[in-house]
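Novice: Sharing a structure here in structure tokens format.
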Amino acid sequence: MTLRHPILAELDPARPILIAGPTASGKSALALEIAEAQGGTVVNADALQVWSCWRLLTARPTAEDEARAPHALYGHVAPDRAYSVGAWLAEVAALMDKGCDSGRGRLIVTGGTGLYLNALSRGLAVIPPTPPEIRAQADQLVRQPGGLARMIEDLDSSTRARIDLRNPARVQRAWEVLTTTGRGIAAWQAETPPPLIDPAAAHLLVLNPDRDWLAERIARRFHLMLEQGALDEVRAMLPHWNPDALWAKAIGAPELVAHLQGRIDLDEAARRAVIATRQYAKAQRSFFRGRMRDWRWIGIGG
């Protein structure tokens, strides 16, 4: 990976670092380079790399990379466990406490899940979980004709003004919170506690790769995953496949499952997976532009 800026020389070794960027942009490589040069623990901030069932398919650091510097929160969650941004934040807090106790508290947090990085640097509202029966009711309502519009009508005015009403998942989440707690999600978010990492005391970086460079890298990386055995990873999970499970959201998993089930050939599965990955990268860029404009953007490729 070639950076346009001599970033290593500009980083204070005493400050934590947060590195965002679209998939396949080289975040993990940069984090490892920083850890080797300045010390620190590389901490995963990718919601798909937490699952123990995926290493190749989610491009987790290799065992060799993990041996070069301390890594944390990679592949540590079993597929049958529930996991959330709140659980991830609690684990990061534990790492920070452990680091303070040992005198090795510098974290290099890297990943493409903007929600994780945003919660770490801005705080996360503590909202009671949604009971299964409320979730089932919401799932049923949102599938009905006009169900989403009814959900929007039920929301309080502050929440309607705050959330993206074009996003069904956001609307359903807000409806579930209101139905469960009797309070709008905007009211809960107004009570957001201070962030675990003070943005003013950290280096906040966003890798911003050239689009053509990234598209070529995405395609090359997925084919390399297949060569290294990603299809076998998916085959091992096929008996447990549930497309609604969080671990099943790994990019490329649905496409490879379709191949293993005999619905498409491997070339078509790879083609679709590469397209899905590019679409995911586009969505990541959109999130970063909206939420991380004040971070330092680093151009790559091109």
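Glycine is treated like the rest: Cβ placed from N, Cα and C.
According to Swiss-Prot, the ATP binding site annotation covers Gly21, Pro22, Thr23, Ala24, Ser25, Gly26, Lys27, Ser28, on the basis of sequence analysis. Summarising the annotation, Swiss-Prot assigns substrate binding site to Thr23, Ala24, Ser25, Gly26, Lys27, Ser28 and lists sequence analysis as the type of evidence. The site 'Interaction with substrate tRNA' feature in Swiss-Prot is assigned to Thr113, Arg135.
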Novice: Return the count of C-beta atoms lying within 10 angstroms of the C-beta of Arg135 (site 'Interaction with substrate tRNA'), excluding that atom itself.
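Specialist: The Cβ of Arg135 (site 'Interaction with substrate tRNA') has 16 Cβ neighbours within 10 Å.
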Novice: I need the neighbours of the ATP site defined by Gly21, Pro22, Thr23, Ala24, Ser25, Gly26, Lys27, Ser28. Which other residues of that chain put their C-beta within 8 angstroms of the C-beta centroid, in sequence order?
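Specialist: Close Cβ neighbours, site residues excluded: Gly112, Leu207, Pro209.
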Novice: Please determine which of the binding-site residues listed here (Gly21, Pro22, Gly26) has the lowest count of neighbouring CB atoms within 10 Å.
Specialist: Gly26
Novice: Across all protein chains in the structure, which of the recorded positions Thr23, Ser25, Ser28, Thr113 has the highest Cβ count within 10 Å?
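Specialist: That would be Ser25, with the highest Cβ count within 10 Å.
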Novice: So, three-state DSSP: helix, strand or coil for Gly26 (ATP binding site)?
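Specialist: For Gly26 (ATP binding site) - judged by DSSP and reduced to three states - the answer is coil.
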Novice: Would you mind listing, in sequence order, the residues at least six apart from Ala24 (ATP binding site) in the same chain with a Cβ closer than 8 Å to its Cβ?
Specialist: Ala59, Leu214, Arg217, Ile218, Arg221, Thr277, Ala281
Novice: List which of the binding-site residues Gly21, Pro22, Ser25, Lys27, Ser28 have their Cα within 10 Å of the Cα of Thr113 (site 'Interaction with substrate tRNA'), in sequence order.
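Specialist: Close binding-site residues: Gly21, Pro22.
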Novice: Work out how many Å separate Arg135 (site 'Interaction with substrate tRNA') and Thr23 (ATP binding site) at their Cα atoms, rounded off.
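Specialist: For Arg135 (site 'Interaction with substrate tRNA') versus Thr23 (ATP binding site), the Cα atoms are 30 Å apart.
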Novice: My understanding is the cutoff is Cβ-Cβ under 8 Å with a sequence separation of 6 or more in the same chain; which residues meet that for Lys27 (ATP binding site)?
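Specialist: Those within reach of Lys27 (ATP binding site), by Cβ under 8 Å and sequence separation of 6 or more, are Ile19, Ala20, Gly21, Thr110, Gly111, Gly112, Leu207.
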